[in-house]
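Listed features, source Swiss-Prot:
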ACT_SITE  ASP248  active site, proton acceptor
ACT_SITE  LYS270  active site, proton donor
BINDING   PRO225, GLY301, GLY302, ASP303, ILE306, THR331, ALA332, MET382, GLY411  S-adenosyl-L-methionine binding site
MOD_RES   SER128  phosphoserine
REGION    216-457  region 'Uroporphyrinogen-III C-methyltransferase'
Amino acid sequence: MDHLPIFCQLRDRDCLIVGGGDVAERKARLLLDAGARLTVNALAFIPQFTAWADAGMLTLVEGPFDESLLDTCWLAIAATDDDALNQRVSEAAESRRIFCNVVDAPKAASFIMPSIIDRSPLMVAVSSGGTSPVLARLLREKLESLLPLHLGQVAKYAGQLRGRVKQQFATMGERRRFWEKLFVNDRLAQSLANNDQKAITETTEQLINEPLDHRGEVVLVGAGPGDAGLLTLKGLQQIQQADVVVYDRLVSDDIMNLVRRDADRVFVGKRAGYHCVPQEEINQILLREAQKGKRVVRLKGGDPFIFGRGGEELETLCNADIPFSVVPGITAASGCSAYSGIPLTHRDYAQSVRLITGHLKTGGELDWENLAAEKQTLVFYMGLNQASTIQQKLIEHGMPGEMPVAIVENGTAVTQRVIDGTLTQLGELAQQMNSPSLIIIGRVVGLRDKLNWFSNH
């Protein structure tokens, strides 16, 4: 280990930055956030430093560097574009046994600045020892996405509860289980964010008085249409906390690779006309695992409430008094159209969008007359096997045969395929595509040639 990670208490302590440009400004923000009593020395300053000085937040010393500026300092930073001056600042600091950071010159510095994830009072620092700042930044960004924004408020509140929790729970194991409940409680986090004192008190009392062998819970998470980058931040957090993940075939391998490694994985994939696991059995799997006290994530492609049977699954849980919540996902209509260069609405072509299931059943006839109207976009989910029927019905009810159509296969994935044509060709086009596919019908499809950005990447 070349560097010892430490956290410095700098509040109301003298610190010095030598440099008045953009780099120095970024360092100054960090020291000001830490409460340091900051002096900045340079020949000239960018406007932000002047604004801070006018607000009484720091002291500016305009002119050449003088070593006496270090006399009362706890910490210094050399942030100029003059290597010789930076070296001089570093040597002067070292002679006084003051830690000094030299920007972009870790070998000349006595301390280096890590990449920081600030969820105060919770802080995470990431460093490559100065060898690869870009790698440290990328790792910080990954960790940033895993840590909820409200985590700091929860940590601060937890500090206020420590005394009571120690009195309430006799053993370390009981206290640990309580803290685990508190730190994943979304209602408490939201109440803290809103400063809702009544809800904070109610939720805290419920958590403290709730038996430790409490029921599990189920979270319905929308995984989006395929591209792992479209998974929401909250969705990622949920799959990282899950004990069990119940998923279907529309969830990509890239997203499954983000699931907590020691979580149990239950595949319940389904295809049109063929169910690997009957829906009722899926409902029972969710119920059974939650009743064991586990945190269960039901991970679905797209959005769980748009042709995802999410409502059916939640009704089962509700009837059994199992706690549940829902994390929406980007639905296939939105993702596939965007990655195909097809805007679902457009002032000139479509003032509304209809999302329609392609599972056409006897006795469940659609309102084809309204679907055939102009100035709208139709999006058929799971409609590949019914493409010829869709074509026939729309034409019969007055939609022009030259109406533009597109079929998107594996939308948003690197294997995405898009084929377009007219309504009279829809049945023929469908024979060239495989599931999962989405059918888009409307004048907006005609914009694809101009707006298609994804295939060009």
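Any Cβ shown, glycine's included, is placed from N, Cα and C.
Structural mapping of features recorded in Swiss-Prot.
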| residue | record | Cβ within 10 Å |
| --- | --- | --- |
| SER128 | phosphoserine | 16 |
| PRO225 | S-adenosyl-L-methionine binding site | 30 |
| ASP248 | active site, proton acceptor | 20 |
| GLY302 | S-adenosyl-L-methionine binding site | 28 |
| ILE306 | S-adenosyl-L-methionine binding site | 18 |
| ALA332 | S-adenosyl-L-methionine binding site | 28 |
| GLY411 | S-adenosyl-L-methionine binding site | 28 |
### Per-residue pLDDT averaged over the region 'Uroporphyrinogen-III C-methyltransferase' (216-457), given as an integer
92
#### Entry: For GLY302 (S-adenosyl-L-methionine binding site), the three-state class that DSSP assigns
strand
#### Entry: Rounded distance in angstrom between the Cα atoms of PRO225 (S-adenosyl-L-methionine binding site) and the residue listed as 'phosphoserine'
35
### Summary
ALA332 (S-adenosyl-L-methionine binding site) -> DSSP, reduced to three states, gives helix
### Summary
Taking only the CA atoms, the spacing between ILE306 (S-adenosyl-L-methionine binding site) and the residue listed as 'active site, proton acceptor', expressed in whole angstrom, is 15
#### Entry: Cβ within 8 Å of the mean position of the Cβ atoms of PRO225, GLY301, GLY302, ASP303, ILE306, THR331, ALA332, MET382, GLY411: remaining residues of the chain near S-adenosyl-L-methionine
GLY224, LEU250, PHE307, GLY308, GLY329, ILE330, ALA333, GLY335, CYS336, TYR381, LEU438
### Length of the line joining the Cα atoms of GLY411 (S-adenosyl-L-methionine binding site) and the residue listed as 'active site, proton acceptor', in Å
16
### Query
Roughly how many Å separate the Cα of the residue listed as 'active site, proton acceptor' from that of SER128 (phosphoserine), to the nearest whole number?
38
